[in-house]
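Q: Quick one: the structure is below, questions incoming.
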């Protein structure tokens, strides 16, 4: 019953904090983080695009991962920043639905892209002779298309379950963006069915992709430990390190947030949410570029090329 939605078609996002003195420093901090997120991820995408040495499956997946990071931080950060700066906390019904839908889409896509990257590392280290055929450009596009297809269908289910009921009374979303549990708390229709459906699908996406990642790394570890030479062992570990770090950051906070019963959600959620919606997208380009010889070499080449043109 969507009837209840048109009487007062706005939500109020209560934001991260209502402490007046904290608004300005938080605005400064989050603006800086958002600028770094855009600069880092767009920079990484451009670098992969212009540097032929980075035209490999791993970096192909990474550009899509960076794109998803840029998209979902842009779905959340600007609205949060205007709330902190102007105290304008209202968001329209359509705005709330759109924000949640796009957020759900890009986060789900990231889970599947991380699984694709784990598969790529697994083939590279465990079956190097099959690599060119197993991770062909066509296979890469198929994996990315699959990630976005599953994410789009999942996001449709999440969104219809979250906003399908009727809402009445105060529409204060106790969060800085329209997320599942704070929105469902405002519904005056029974939400148990929706909660079960969302939980089941989130578990399938989260656990499904993390099982792929764990199995891949199990095989990788087994292969690395079987290697005779120390340098090749070190090199193999090195290619996986950055991916493992971003997997841990991303899944750690996601599981904390979404795989707990609704009654347990509280103010700690906002801290965890800040971590994966705002901090994690900023960290990824740094995780991948600072640890990485290939990225550093490509950056050096680009710098020299630009200096020569000047």
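Using the three backbone atoms N, Cα and C, a Cβ is placed for every residue, glycine included.
Sharing the feature lines straight out of TrEMBL:
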- 26-51: transmembrane segment (TRANSMEM)
- 40-288: domain 'G-protein coupled receptors family 1 profile' (DOMAIN)
- 58-80: transmembrane segment (TRANSMEM)
- 100-119: transmembrane segment (TRANSMEM)
- 139-158: transmembrane segment (TRANSMEM)
- 196-215: transmembrane segment (TRANSMEM)
- 236-259: transmembrane segment (TRANSMEM)
- 271-290: transmembrane segment (TRANSMEM)
Q: Which listed range (26-51, 58-80, 100-119, 139-158, 271-290) shows the maximal number of Cβ pairs under 8 Å with respect to the transmembrane segment (196-215)?
A: 100-119
Q: Kindly say whether the transmembrane segment (139-158) and the transmembrane segment (26-51) touch, using the definition of 3 or more Cβ pairs under 8 Å where each pair is 6 or more positions apart.
A: no
Q: Using a Cβ cut-off under 8 Å, which residues of the same chain at least 6 positions beyond either end of the transmembrane segment (58-80) come close to it?
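A: Beyond its ends, the transmembrane segment (58-80) has Cβ neighbours at 13, 15-16, 30, 33-34, 37-38, 41-42, 44-45, 48-49, 91, 95, 99, 102-103, 106-107, 109-110, 113-114, 116-117, 120-121, 124, 137, 140, 143-144, 147, 176-177, 239, 277-278, 280-282, 284-285, 288, 294.
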Q: Where else in the chain does the transmembrane segment (100-119) make close Cβ contacts, counting only residues six or more beyond its ends and a cut-off under 8 Å?
A: 58, 61-62, 64-65, 68-69, 71-72, 75-76, 135, 140, 143-144, 146-148, 150-152, 154-156, 158-159, 162-163, 177-180, 183, 205-206, 208-210, 212-213, 216-217, 243, 246-247, 250-251, 254, 276-277
Q: Looking only at residues six or more beyond either end of the transmembrane segment (271-290), which have a C-beta under 8 A from one in the stretch?
A: 16, 30, 33-34, 36-37, 40-41, 43-44, 62, 65-66, 69-70, 72-73, 76-77, 80, 103, 107, 175-177, 179, 242, 245-246, 249-250, 253-254, 256-257, 296, 299
